[in-house]
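Let me begin by presenting the structure, written as structure tokens, before commenting on it.
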Ligand code: GAL
């Protein structure tokens, strides 16, 4: 009998699914293509009749700063990558889709940097100063019906500088879409799905849905939420009647109802299992809206003594901080480029990201959900007190409430998001104005989400002087740097839960090595105890022995964090090099040296340190390169795991066996250089488990081309990242090769950017020619919207050209 009821229920559920699909009550339209762009200010461009024929046609997302030339004179300064900012206008002429008849039409922007103002058909829709926030406008009342042409105009004003401590990009740099929905529909970010009770047998799923009724009197209404597992099987269904609820029938009203999933599959960093909730609004027997919310089921806890646990299992948070730029692509959102960054970090063993110091693109969080990263989602880098004259301090007063609410509402269904941060190194921590603002911001978050802890990344460790701490409103004590205090954290801050929200600020240029490697150096150049003069070519040694004076080397802080259970984890500054903040060098340095991975996406040596410590992959990484002046004393380092010892050989002569002592992170030899082959053997229980060799390289002889993918989607967005290795005749990487490369592309692809990871290069990212740096260069090839072969040829004077074939389909 039970079985029969179940089958009938299933049939009923599936019946309404196909019914809903036929009606397609909500249309989401990609609105990125065919915009007109003008770099400069022209106020009349908001008028619908303005003639924009002479403007450039482009597809969004678009960042005009990255297209510019580097110059010391740009008002953004090298801290913002020495690229241009200014004012730009975008316009798009379009007709409404047929589905728009008698419906509401919204335009959604995921982010516009900065001070966007939007007009539809000459009518002013509004302004959003915050460049990292998502927002939308209802354009229905100002659109002409039928086949009439509509004109959207967007002014972007990023002219007041300096406005940031890092590169922001300029323009409509995230996705834009049109949403066509019925007069009765779920609001933007109108669902909130939580899982308040989770056991092995069942998870309770609580759905909160906000309906916007702009239709007046509507009759009988109900809400259904269908839950599908990752295979697309319907596993549960929740229901609420709309009638009789307060607010109904007109305006916005929120409904809450619960359902259950049997034997739930949990989301974790190893198995990021996702469910999908499809919420339908039914009125008088018809589906009037359908809204999809991916979500995950997981629980976690921060414990004073035991640190962090996910789904009941202790887990060290092994995180990195990430700014939003994508290297040579600038700030313009590209899903494949973000995915590549996350893949590299995942391979390293990283399990968490801090979005420094602003809300990320929504697709970034989608990727974290799918790939298994925890995310600390950060709101602000400043409140009322500025860090730069024209930063968010000028907008905080008027906008912080709305911006923070919009961030929480947009991001609170992502299983990856596990911490809200209300600010990074906020100046108000130093005086009593910090108390009321902290309380207010925490309260704003808690009104919308009580399932995640709130933190703020603090630097003032003396609690009597830290007023954000004194507000006593944070769930987690986020500490930036100050690693020497971590071991005594429990005594210093009794009852507080620890998280190292930012650590290290170690510095390195990929492939550059200064001896001796055991002299630890701290920047900046002047006034510090450890003074380092710097190199004339703006390089920093890549042995892990250079750091900003407020931070540490990678090893120093990691050794502390790994030792104590109560230290729940850390976020390393930073995962990748990013544009701007070129500490320790002045111009022409224009991007950072902090990354574990360089700006082009090439790992520095520290990457393998983390991989050997954070992942279970077998690692044996030997460095530096083997091209030195004969007789020079060279430090040879190896990172390894899953082995007892490493033996080093030079030209087949043993230089001795080394074993890491407890707490050692690497082993090291000092070797008098002679050309030839350096070889490391790792042994476990006396058996060789891995071998690494580095040969002295000869002159550059050819180009080795390594695309990360050969097949691209013909969607005009997909990318192939092609690494160009300058090798000698035997295939050894030439470690100081700086050959000039030019690229020619034919077929269905274009060049999206070139880079070599050198932070002081002033070559434009967008021209088809670039030098290699320490043997490597990167070309990013983008598909067009048409399928077909893509032929990519690289030329370097004096070397044979190299060609690869890609396929867009
Ligand atoms: C921190 C700051 C980061 C970055 C870093 C560089 O104090 O939060 O944004 O500036 O220093 O070391």
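Every residue, even glycine, has its Cβ placed from backbone N, Cα and C.
TrEMBL: automatically predicted annotations, no manual curation.
The signal peptide annotation in TrEMBL covers 1-20.
With DSSP states grouped into helix (H, G, I), strand (E, B) and coil, the domain 'Glycosyl hydrolases family 2 sugar binding' (56-179) comes out at 12 helix, 50 strand, 62 coil. Residues or ranges marked as domain 'Glycosyl hydrolases family 2 sugar binding' by TrEMBL: 56-179.
Marked as domain 'Glycoside hydrolase family 2 immunoglobulin-like beta-sandwich' by TrEMBL: 193-298.
TrEMBL lists 307-573 with the feature domain 'Glycoside hydrolase family 2 catalytic'. As a whole-number mean, the pLDDT of the domain 'Glycoside hydrolase family 2 catalytic' (307-573) in this prediction is 95.
Under the heading domain 'DUF4982', TrEMBL lists 631-689.
According to TrEMBL, the domain 'Glycoside hydrolase family 2' annotation covers 703-804. For the domain 'Glycoside hydrolase family 2' (703-804), the number of residues in each DSSP class (helix H, G, I; strand E, B; coil) is 0 helix, 59 strand, 43 coil.
Broken down by DSSP into helix, strand and coil, the domain 'DUF4982' (631-689) contains 0 helix, 37 strand, 22 coil.
For the domain 'Glycoside hydrolase family 2' (703-804), the partner stretch with the highest count of Cβ pairs under 8 angstroms, out of 56-179, 193-298, 631-689, is 56-179. The stretch in 56-179, 193-298, 631-689 that contributes the largest number of Cβ pairs under 8 Å to the domain 'Glycoside hydrolase family 2 catalytic' (307-573) is 56-179. Counting residues of the domain 'Glycoside hydrolase family 2 immunoglobulin-like beta-sandwich' (193-298) by DSSP class, helix then strand then coil, yields 0 helix, 67 strand, 39 coil.
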